[in-house]
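Novice: Once you've had a glance at the structure underneath, I'll fire off some questions.
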Amino acid sequence: MAAAVRRSPYKDFLQPALQRRFATATLVVLATAYFEALLLARWSSWLWSWFPLGPTGFRAALFFLCGIFVIILRISQYHPGIRTSDSPIATLVRYAPRWTTFETLFTYALSAWIFSLVYLGTVPDDAGFERITYFTYDRARLNEKPIFLTTHLVLLGIYQGVRHLYSDIDRLSLGTAQPSNGDSSKATGEDGHVSTQMRRFRDQLPKIVVHSLHQSVMGLLLSASLYPLLLRDLLWRVNMTMLRPLYSLPRTNVPPANLPYSPSTLLRCLAASVMVMFAWTAANTAFSLLLVKSPLKNGKPLTADAKDPNGSLLNGLKNKKLSIKCFAMWELAYIARDFPDRRKAIFEDMDRKDGPMWSQVYKICLDTLHTLSSNIDAYTAPPAPATTPQQAETALGDKPRTSAPPKEDHIFAPLPSNKSAFRTSVSSAFQNAALAGPGGPPASLSPVAKRTLHAARSRLLEAAAPNAEIEVTPSSFFRELALKYVLSSPLAGYPFRQTRRRRLASAVLGSPYGEPSLYVNAASAVSGLAVSSLREDRYGHVQRDVASLIRELTSLGEKLNAFVNEGGMGKHWTDVVELEGEDKCEEVEEVVNAVKHALKRVIVAFEPYARDLRLTRGEVKKAREVAGLEQEVEVREVMPEMVQIR
């Protein structure tokens, strides 16, 4: 008996590819560091000003350390998918207490501090940035300019860390392998080639420069505002305490009267800010571009060189880690679109432990798409009612009750309206006062007396009614207060506003992360394999599942369309400010269009064989409506392309 072929895990092929991409991003950081080191060179010697083993190389190594911190941070925190939450304040509450938040802020602050030390060491002596200055009689004085520059760069690092967390820079925007206009364009490997990614990085350089300049100006304004208000006295005392044992400094810790905000100082701070911001932005851009290359190697799928390519691919598709599963699904979509040999291998792979390869791929893709429906059901499901505890009699037995049983009314039920309660009390009090006399109520009243009593009571109630018409509850009061003073403001109400875009992403893509490319590639892969089976499935195993595939895609497409486009997701009461782009979610729209396009491909290819697939005319008509097709195709009586399985 032949030995079973070892199935290598999918990560054995993905990890080397990712490591090569990490190395390429590191080279970009090194080139950026060497370029900035050249900018700070004094060019007093034609050799040592640029030679890597001289002072320039030492500065480049330290600058490289500042950039590599960002790469290490990205490696430890990268994730596919967008963060899904109903409001920004919900995102803040969920992610702010985590260790990764402190790690991000500390990484950028440490990188900025190291950069400030290197930059101060390269500033010319006549710039006035030495730590100790000497005036008359050789008396040493502490210079505030380097203190402000270092503080500014550290604050800029914290500011960049906050922007990093707010913009979710750690997210990887994975691609898709959808056919364009129904045609399958062959994958040549250019999307995953290093030269293509470097060309894209080069095209991003002007944007990186503009972004660095803009953020540097914002950071300088922030530092100039916070430094004298919060940090100046403390930092001055700390520096005086540390340097007084080394220099003959004054005993007083009072800072100078003038702030170090001269034009030359601010220009130096701005130049240093642009350099360090450029290093950070270049590192982040290179990492984001290079890591999301297509799962191809030399124009072939990553698992092409495996001993068991289908088994390794299945291992990735079944992996519980979202990043590995997304890359494996992306590779499957490429196979369904561009690689007929691998498609035939999937159709002909029958002797697997858990069933044929096609059956497992079909189930995995449909389970992935069913997640969308499950997410919608979970989001729209009403909260479970609170369970009432059993009565004490069931546990202690029947005993004689000595008091009235407890009330079972809802304790949080609203009180009767002020209007009805007031009217009832006034009416009863007025009638009792009228009927009561010195000797008690009379036995009866005359008709005239009754009419007079009724008219007086009505006039009194009408006069008191305007004061008791409006019912005010605490919830309605605070809601009106929030709508009037907080949510109506575009800036103040932003953290609490639950926009339709955010709620759509949470409802459809799930939480805490939702990766649209996973669902797009799943729909593209299963539909592409089904359509290709007409020519490449020699045994006709795929056609057994075509009818159920059409029904599942029809049901899912109808549910998504009803929820997203037909009012299934209403407008939240906090969404009171009309902002452009907040009404639609691009990621959800991409998923909806992918499901619709997959259904269109399958129904166009298999509608002529609907009778043999046991699809009714109603099912075909419904599928065409969901897919957006109009004209019907005549059903063929003879189907030589298909193999009927009885």
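From the backbone N, Cα and C atoms, a Cβ is placed for every residue, glycine too.
Per Swiss-Prot, the features are:
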- 1-20: topological domain 'Cytoplasmic' (TOPO_DOM)
- 21-41: transmembrane segment (TRANSMEM)
- 42-52: topological domain 'Perinuclear space' (TOPO_DOM)
- 53-73: transmembrane segment (TRANSMEM)
- 74-103: topological domain 'Cytoplasmic' (TOPO_DOM)
- 104-124: transmembrane segment (TRANSMEM)
- 125-144: topological domain 'Perinuclear space' (TOPO_DOM)
- 145-165: transmembrane segment (TRANSMEM)
- 166-207: topological domain 'Cytoplasmic' (TOPO_DOM)
- 208-228: transmembrane segment (TRANSMEM)
- 229-271: topological domain 'Perinuclear space' (TOPO_DOM)
- 272-292: transmembrane segment (TRANSMEM)
- 293-646: topological domain 'Cytoplasmic' (TOPO_DOM)
- 380-407: region 'Disordered' (REGION)
- 396-407: compositional bias 'Basic and acidic residues' (COMPBIAS)
- 542-602: coiled coil (COILED)
Novice: Counting each residue once, how many in the topological domain 'Perinuclear space' (125-144) are helix, strand and coil under DSSP?
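Specialist: So the counts come to 7 helix, 6 strand, 7 coil.
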Novice: Per the definition of 3+ C-beta pairs under 8 A with sequence separation of 6 or more, do the transmembrane segment (145-165) and the transmembrane segment (21-41) touch?
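Specialist: The transmembrane segment (21-41) and the transmembrane segment (145-165): touching, no.
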Novice: Mind pulling out the one from 21-41, 104-124, 208-228 with the most Cβ pairs under 8 angstroms to the transmembrane segment (53-73)?
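Specialist: Comparing 21-41, 104-124, 208-228 against the transmembrane segment (53-73), the winner is 21-41.
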Novice: Pull the DSSP breakdown for the topological domain 'Cytoplasmic' (74-103) and write it out as helix, strand, coil residue counts.
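Specialist: Counting residues per DSSP class in the topological domain 'Cytoplasmic' (74-103), I get 17 helix, 4 strand, 9 coil.
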Novice: Do any residues, 6 or more residues outside the topological domain 'Perinuclear space' (42-52), come within under 8 Å Cβ-to-Cβ of it, and if so which ones?
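Specialist: Here the qualifying positions are 34, 60, 122, 124.
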Novice: DSSP helix, strand and coil counts for the topological domain 'Perinuclear space' (229-271)?
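Specialist: DSSP composition of the topological domain 'Perinuclear space' (229-271): 24 helix, 0 strand, 19 coil.
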Novice: Short question: which residues 6 or more past the ends of the topological domain 'Perinuclear space' (229-271) have a Cβ under 8 Å from it?
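Specialist: Sequence-distant neighbours of the topological domain 'Perinuclear space' (229-271): 123, 127-129, 131-132, 139-142, 144-145, 147-149, 151-153, 216-217, 220, 223.
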Novice: What mean pLDDT score does the topological domain 'Perinuclear space' (229-271) have in the model?
Specialist: 89
